[in-house]
Protein chains: 4
Amino acid sequence: MAGSIFGTLFRVSTFGESHGTALGAVIDGCPAGLPLSAEEIQAYLNRRKPGQSAFTTPRKEADTCEILSGVFEGKTLGTPIAVLVWNKDQHSADYQAIWDCYRPGHADFGFDRKFGFRDPRGGGRSSGRETIGRVIGGAIAAKLLAEFGIRAFAYVSAVGAIEAATFDEAICAENLLGMPDPEAAARAAAYLKEVMQARDSLGGTVSCRVTGMFPGLGEPVFDKLDAELAKAVMSIGAVKGVEFGDGFGVSTRRGSEDNDAFCPGQGGTEKKSNHAGGMLGGISDGSDILLRAAVKATPSIGSPQETVNKNGEPVTIEIQGRHDPTIMPRAAVVVESMVNLVLADLLLRNSVSTVEKLKRAAGRA
Amino acid sequence: MAGSIFGTLFRVSTFGESHGTALGAVIDGCPAGLPLSAEEIQAYLNRRKPGQSAFTTPRKEADTCEILSGVFEGKTLGTPIAVLVWNKDQHSADYQAIWDCYRPGHADFGFDRKFGFRDPRGGGRSSGRETIGRVIGGAIAAKLLAEFGIRAFAYVSAVGAIEAATFDEAICAENLLGMPDPEAAARAAAYLKEVMQARDSLGGTVSCRVTGMFPGLGEPVFDKLDAELAKAVMSIGAVKGVEFGDGFGVSTRRGSEDNDAFCPGQGGTEKKSNHAGGMLGGISDGSDILLRAAVKATPSIGSPQETVNKNGEPVTIEIQGRHDPTIMPRAAVVVESMVNLVLADLLLRNSVSTVEKLKRAAGRA
Amino acid sequence: MAGSIFGTLFRVSTFGESHGTALGAVIDGCPAGLPLSAEEIQAYLNRRKPGQSAFTTPRKEADTCEILSGVFEGKTLGTPIAVLVWNKDQHSADYQAIWDCYRPGHADFGFDRKFGFRDPRGGGRSSGRETIGRVIGGAIAAKLLAEFGIRAFAYVSAVGAIEAATFDEAICAENLLGMPDPEAAARAAAYLKEVMQARDSLGGTVSCRVTGMFPGLGEPVFDKLDAELAKAVMSIGAVKGVEFGDGFGVSTRRGSEDNDAFCPGQGGTEKKSNHAGGMLGGISDGSDILLRAAVKATPSIGSPQETVNKNGEPVTIEIQGRHDPTIMPRAAVVVESMVNLVLADLLLRNSVSTVEKLKRAAGRA
Amino acid sequence: MAGSIFGTLFRVSTFGESHGTALGAVIDGCPAGLPLSAEEIQAYLNRRKPGQSAFTTPRKEADTCEILSGVFEGKTLGTPIAVLVWNKDQHSADYQAIWDCYRPGHADFGFDRKFGFRDPRGGGRSSGRETIGRVIGGAIAAKLLAEFGIRAFAYVSAVGAIEAATFDEAICAENLLGMPDPEAAARAAAYLKEVMQARDSLGGTVSCRVTGMFPGLGEPVFDKLDAELAKAVMSIGAVKGVEFGDGFGVSTRRGSEDNDAFCPGQGGTEKKSNHAGGMLGGISDGSDILLRAAVKATPSIGSPQETVNKNGEPVTIEIQGRHDPTIMPRAAVVVESMVNLVLADLLLRNSVSTVEKLKRAAGRA
């Protein structure tokens, strides 16, 4: 259980190093009969692809995916779906100078202590390239959720301290930072250029909204909807915090301010507000899921940094490889993928929560 | 996989409803040879016990635990450790009036939609009483971690907007709110009394620090140390956000500000700062783990609230049962327990991460 | 993952030592809305209860069970169901003489090597008393399966070399050995008395038939129906072999003899024969499941045996405690319980195998 | 949890259809620092490769494997090891005639009922080609076990009713049926030719012996060594029975005959006999593991068979594709692979069974 398998019923097993031969994912447990094509997965991969603007790494990877198994005549078979992406543009020589050093803010030191050694080329398994497997899985999960009218959308809600003040989903595709507020996007771009000139980097926040939810997803106690989402999102390399609904804001509010009143609504019970962000007691209540993740600045920066090498000797490094001055525009689809994976898994788990659902599934209700 | 089992190798299976016969936990996977007594578990349970001050529910429960299995002559056998706590002071009649209503901020609605019905007495399985099983497991995990010099301590870092400005662990036991800053504790107590008179409730934040860490805990990709901790802490009923190290603060900082420089140190490599909160790339780096959780105000309040009943008809309720005006002082040990459970599990998982460790474990190095 | 949790979706966590305080099981994942009472579980426990005849151990245990959680107003809540049985009639002193010896045919030696020490009283965790948890889980699983018309029945098909030649389920309850053939039962009883006088013991075979199956249970590749059943049955202490349908007989037959022809039948496709024992490619085909398990003779015998003690010194022991001269009549319900646990689990897993079933479960087909 | 992931700590995720693009496996949890090359895996794959004699399918596949990740400079990284084999010689047209029919003895019917449809080309996921992933995983597990001196060897112990009477491992590679007894191999070959002329097929038994075991592998109760092995071996498509040590023979023996006496031995305690086949109470005792599996005759035969098609109409089929008249010589390495997978997994699990082992693993003993 070395940690590269995610999910309980809808399970994704990912593999691949940054400068290895290939990366990919195997999805076990995807229900049969779901229409699926490589093009649909590719559309998600393209949203995280490098080399798309001056704001991201110049590494050139088409990141074209192939489906190796699990799909027949355009539909999932119910058997494992293996999807592969070949690495093409490795510049491993860039890493030679810092091969033996522990880059600040990176996983190098921990990997060495845990595994005894590591693949230093491009960060090996701890590279952001690892997220290719997540996006493959998330794309397939999204297809399944769509059958139920559920849709997650993640976007860059802040770059550094510059926050989006307005929201228009369509705007996200029209600026290089993927923000839903064109004015904030412009200011963020200008600020980022400054930071890049200082050979520095920036983080921000990614927000995600899920619409079309129905009540009942999430399991009591440990596998709550928010618990599973928190793990999923926090497992993304650069994320340092996650919150739901009013999040940290709840800590200063009274119960009477924070409770969402129920009222009769279209198609049943509704909430008058959504401070809770879509779940109560860890189970979805049918309102939109709202979450926000804090993303740290890319740790690979060109300016000089103090560190030590494997032998514990102090050294100064200037990281030369190809890096993202900010990962924000590429991070949104990764957050969205993790949200999709959690929801697909909990959708399956919810289907076995009562005898009545079991009977309906078996056609014996 | 209904969600009441936690952990991969060090596994806790909890059970029990608020007004049922008993609550408890079964721990499977605790290594053999660990000294363990019921008294040691009891010390942790006493920290979450109700009825200890005017600031918590008046429900009277001794919460005395019994060990039913897995311990022989004062040591763990390596077999499942079952620990039981009987319910004694149920006042189920208190809930009759709201039996059919969906209490705002509570899990009632979701449980009904998921399971078709629920135990309405005291919140059933979604009651805070469920955390007894967590604390039992956490206490045993703490014993194991102590063998390695690892110790987690969680405390109330804020009640409402009143934050602790100083930290003295010993102070926590000297005030009813469990805060490490006596001055903040006094102000918080005064404010809480006001809120209680308004038949309202308060939340706050719990912080946790883990000392004595060694590098290597946490698994790459999905089962990162912070991901597992985030799930663990977010699975506690009232938590709405979690962050590590500088947490949401990182979103506004540059890479050069956020990176922790490495330097030679006592016994090897150290970090000059700890913005990252004890882990890099999801693997512990030997520095202290720092996390903070946002806890919402108790949703059960005495003032009138709008809601609907099972039939979708609007009703107004005033919740009469025995409730905590704030769960903050009782929540800290629950956060600490979840942290202990995660660390014990990852300690075991780390032990099989290299061939060399396996050989040492087998006495064949 | 020390091994006391069974199942993937319908999960049973068992605990308890032979001479400890109590034994029991926690079932997590049982769907909500299933009618369940302690009496129904008790009926299964009574079938494995000791002290019922001269052919089983004289240990006197009522083995009365209590449900501690997970059931409300006679129905399962979808939350963990904890069930407890107290130990009452421990005679731990019986074991003092052999405390430090490794009893031949017993787990003592392996436990010591694995865990460093063990509870020697009555075999501790490796005692047949451990099966109480299995039977509790199996009884609940049987209730769920009954909702779908599925029923397992296990019986003693042979004691020593004396095999049942006829089958009448009702007969099993009418003889002390639980055999379906009265004539074989009588011969077996006579033979067993002889063996008992020689202070020796006997084994035999248990067979199980499952009726009312529908096609589709079992997962491709590793989690095949027969693979899961084989693990389940082989995990019972004394079982040394398991086979399905024609079992070992297939090794000498040609494909043309072994293949079961399909034909149109009542309610769809049927098989003309059932050499395969109810599954093809690891998936149920709707015909009856047929399995057979080989059970070894009780290793605790009164006649003198050579062995060694903890220090590796040779000793001769005569085991004095209370033991079953044959466990056959008590073993059948344990096999049946394990079969029920597997089927309940696979029933749940099958419910998420297609998008269509998911939609039906969610009421959106 | 559709069933294509095997193992608890040493986990193999396999994928691939018989006539799909590729097959392979991802191993998560293999400890870091294990020397590993594609050639070593290839040696195992070559033992199950088709087209090697008149006794196996004429399908021509080199089955050359590529390692895509998880290995760096000849050693495992502790990250997932992905290994791929491309399909080259698919003749999907052979299956057109029986596309809609349920072949007797095959998984077709169950797959259709479970998943709503299936890939009929070459059996899809239920083809024997699926075992490529098992052999990949088993080869890596074997490398790990070799570090501890543990070695499994499986061989054909019978073809039809013709059993090997002598054992010489070297002989297995010298005859086309992989039997350890040259005389039996010759008789079996002659008999098989007869059967082939009748357009029929044969099964047999595979036996496996594991040497170099040490005590302590296997977990109490459900995850016993023999339980895990039984599941592993029974999960192979054609296996219908499995037994350990004296196996079904124990059912007719007395306790005094079946118990293996302990005695002082080289390097500690030994057993005077090994009726139990290497484990007691589900935990290895240091003696050799002995198991035997019953393998049914290949269900694909050329002679006419009655069956039905998807619409439930009776049809007669003669299966034309390329099939193995017996899978016996190719099955041995698959059994061996599954045994290796179980042992590697239990080796890892055993390493966390005591506090002392944990301390040694961490270098803190």
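Quick reminder: no glycine exception, Cβ is built from N, Cα and C everywhere.
It should be emphasised that the depicted structure is a prediction, and the values quoted were computed from it without experimental measurement.
Take the FMN site that TrEMBL assigns to B:R125, B:S126, B:S127, B:G281, B:K296, B:A297, B:T298, B:P299, B:S300: the candidate from B:R113, B:R151, B:R322 listed for it is B:R322.
Checking the binding-site residues B:R48, B:S127, B:K296, B:T298, B:S300 against chain C with a Cβ-Cβ cut-off under 8 Å leaves no residue at all. In this structure the alpha carbons, written CA, of B:K296 (FMN binding site) and B:R48 (NADP(+) binding site) are 17 Å apart. Within 10 Å of the Cβ of B:T298 (FMN binding site) there are 27 other Cβ atoms, across all protein chains. Cα to Cα, B:S127 (FMN binding site) and B:R48 (NADP(+) binding site) are separated by 14 Å.
DSSP assigns B:R48 (NADP(+) binding site) to a helical segment in the three-state reduction. With a 10 A radius on its CB, B:S127 (FMN binding site) counts 22 other CB atoms from all the protein chains. In this structure, B:K296 (FMN binding site) belongs to neither helix nor strand by DSSP; it is coil.
Cα separation, B:R48 (NADP(+) binding site) to B:R125 (FMN binding site), rounded: 17 Å. Listed in sequence order, B:G16, B:E17, B:S18, B:F111, B:R118, B:D119 are the same-chain residues at least 6 apart in sequence whose CB falls under 8 Å from the CB of B:R125 (FMN binding site).
The highest number of surrounding Cβ atoms within 10 Å, among the binding-site residues B:R48, B:K296, is found at B:K296.
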